[in-house]
Amino acid sequence: MQTVLALETSCDESAAAVVRHKADGSVEVLASRIASQVEEHALWGGVVPEIASRRHVEALPALVQEVLRESALSISELNAVAATVAPGLAGALMVASVTGRTLAALHQVPFLGIHHLEGHLASAALGEQAPAPPYLVLLVSGGHTELIRVGLNGEMERLGRSHDDAAGEAFDKVARLLGLGYPGGPAIQAIAVSGNAKRFSLPKGRISLRGGGFHPYDFSFSGLKTAMLRTVESCQSSGGDLPLADLAASFEQVVADVLVERAIRCALDHNLTQLVMVGGVAANQRLRLLMAKQGKQHGVAISIAPLAYCTDNAAMIGAAALNRLSRGVLSSSDETGVAARWPLERADALYDASPAF
């Protein structure tokens, strides 16, 4: 059984975890800790990179000690140390990367630099039953909205993406517009529960093809954001209080509709009978229920990352590292740095002898 210490500091969550492969190939989380900075960044209406980096430096050492103590393991007993190295905030990424490399070198164990999105894809393995490839992944988070096909040998192919705002980013911006605070996803979900999702008609943004028609699997949320602004302005011009619950519910519903419709269509068009949903927005209850309902109607088996592992965490980074180890990847180059941007399709380059960055 292989065991990994994993570190995650790509944005505003400091996290450490110890995970291992069990005899049946499933992933067991021995310990997982997260230090959130949400309340501090909420004062600024979003993540402040310099503050995030400083808080990671302060929080990560204690988190590492806690997960090692809880798992009753020393670093020398591990098969590897893993850390997110791309993509994310460069200064924040450096904290986990430098910490992980240092610990690995001191204790003479391999180091694995992990792609953050590969971690999100692996988060589905932290549930009761890990999906077996091939399958389609809907990755929907604050920075990414993508449809990715995972092949039999773990190869990844992007089939759809957002051309502007990610879904999670749209939640944050609309929440700010409605005065609901940060982060937007939980804030909108909380007030939308009591709202009428059919009160306001909002657009389902599409991406035009050069030869005519629309891309069936791509996303656009900028037009929806503009439509929400105009709807709010129209309500304000009528006087009285804003119907916040109805606005939030209408917005939440159209985002869920778009994500589910295009994901299910993509799965069916590519003869994929499994669809996995991961990322922070996958925690949205309306989206989870709609995806499960539509999957059942169309004969597509739906797997959703456990709520505890939808948002950024180190357990998913550990799960991705275990996947790499099981495929014979032993180490990243000691010279590899971090990258604020790095496409998931080029994740294999993180393990080359000659570093990609």
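Heads up, the Cβ atoms here are built off N, Cα and C, so glycines get one too.
Same-site candidate for Fe cation binding, as annotated by Swiss-Prot with H116, H120, chosen from D269, D312, D334: D312. Non-local neighbourhood of H120 (Fe cation binding site): L139, S141, H144, V278, G279, A305, M316, each in the same chain, at least six residues away, with C-beta under 8 Å from its C-beta. Other residues of the same chain near the Fe cation site, with their Cβ within 8 Å of the Cβ centroid of H116, H120, D312, are E8, S10, T84, L117, G119, S123, S141, G279, N313, M316, I317. Separation of the C-alpha atoms of G143 (substrate binding site) and D312 (Fe cation binding site): 11 Å, rounded to the nearest whole number.
Local packing around the binding-site residues L139, V140 was summarised as the count of other Cβ atoms within 10 Å of each Cβ; on this measure the leading residue is V140. Summary: among the binding-site residues (G142, G143, G185), the fewest other C-beta atoms within 10 A of the C-beta are counted at G143.
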